[in-house]
Amino acid sequence: MGTGAGGPSVLALLFAVCAPLRLQAEELGDGCGHIVTSQDSGTMTSKNYPGTYPNYTVCEKIITVPKGKRLILRLGDLNIESKTCASDYLLFSSATDQYGPYCGSWAVPKELRLNSNEVTVLFKSGSHISGRGFLLTYASSDHPDLITCLERGSHYFEEKYSKFCPAGCRDIAGDISGNTKDGYRDTSLLCKAAIHAGIITDELGGHINLLQSKGISHYEGLLANGVLSRHGSLSEKRFLFTTPGMNITTVAIPSVIFIALLLTGMGIFAICRKRKKKGNPYVSADAQKTGCWKQIKYPFARHQSTEFTISYDNEKEMTQKLDLITSDMADYQQPLMIGTGTVARKGSTFRPMDTDTEEVRVNTEASGHYDCPHRPGRHEYALPLTHSEPEYATPIVERHLLRAHTFSTQSGYRVPGPRPTHKHSHSSGGFPPATGATQVESYQRPASPKPVGGGYDKPAASSFLDSRDPASQSQMTSGGDDGYSAPRNGLAPLNQTAMTALL
């Protein structure tokens, strides 16, 4: 039993020895959390912040600012479970003054302005169940607009304001939503968003200038400068960072100009549409056709090439063609060329293709086939037939003297022989006699125009006078009853090709 009684006594002895060691470890242990300090500002938290601080811990830290300046302390968060500040508290002390202790039951000021440039921060904890501890920021008296790392855009209602962020706010727990272009949701942490936007650095902190405006439906998130921005939903307000020289007028001018240009464009469009429908009596016809916009000559317009295309109006071209056709139809068509001569003027098919009578009288050797004297009161051209027979002209046939005997008297044609002694004057319509056996004379037109049979008009054999009788030849010449005179001497007979073309 001694052994049994000695066992509990040994355990009690061990507990008595270890308890002071445990208490000494908690008391001497580092109970400080996140600490970032710079020349003018810094941030300090309890251990595990914003989680529960540990039991029986001590955190002691001396902070200073340049000499000649005073310290400004701001408590962003203080959550200590103790109500009497006996074992858990926060205390600030300087060479001349002491501030605290502060705990859950005591009123804690948000800001402390000290009369010195140095202060000692002491945080102690005992046995507790919950509590976040504290978050402290500080800065020199040069930055009276100091804010903590937990300040959000929704905490301020001014449209434009400026604040000073201390060093060390990047790793403080808290979310931001948005980006530099669209702005940040008003629930975002100001100093953390400023680091995300690149306005300040986490090691030094700095001043930020903010502009509060109407919120948007969605905020895009991204990672920048070691800070992750999350996607955000619709919010009533948002804030944007501006440069120090930028004011509200500078930000509002682009929006106002855009709205003014939009309204001006809509007004001009409405006026142009109204003028196009109703018309403007004070504007020229060209302006009404093209609207109210004037033609603008561009300085870099391409010059017109030297090549060009001539276009014709189809209607004008058709009108000219019809005029030409009408004028051509008014004249007589060009007859076929007979013999070796060239036709120099237009005439009817029934008109002799010789020169004027004036020229025939002057030169009897001029080119031409026939000399037809005109009687007064008669038309120069052949008249249409008065009966219903087919209107065909009597073919004119010239043959060589050697073929004269091939035509019979029944065919309606008679080939006269040469008359070496008979002469005719130009006034009587005659021609000089043939000089050789090869020269031929033409055929006389029958006195009666009535054809013997159907088909072509053929002169009857009995209607011809004997061409060898000078008396009958003289009588025919003086009569001039629309007959053809004999051809001039010296004309070559028609060849076989010309005869085929005539027929």
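Count begins at 1; order follows the chain as displayed.
Here the Cβ of each residue, glycine as well, is placed from N, Cα and C on the backbone.
Candidates SER284, SER305, SER462 were compared with Swiss-Prot; the annotation phosphoserine appears at SER305.
Of the listed residues CYS103, CYS191, CYS191 is the one Swiss-Prot pairs with CYS169, by disulfide bond.
Averaged over the domain 'CUB' (32-141), the predicted model has a pLDDT of 91.
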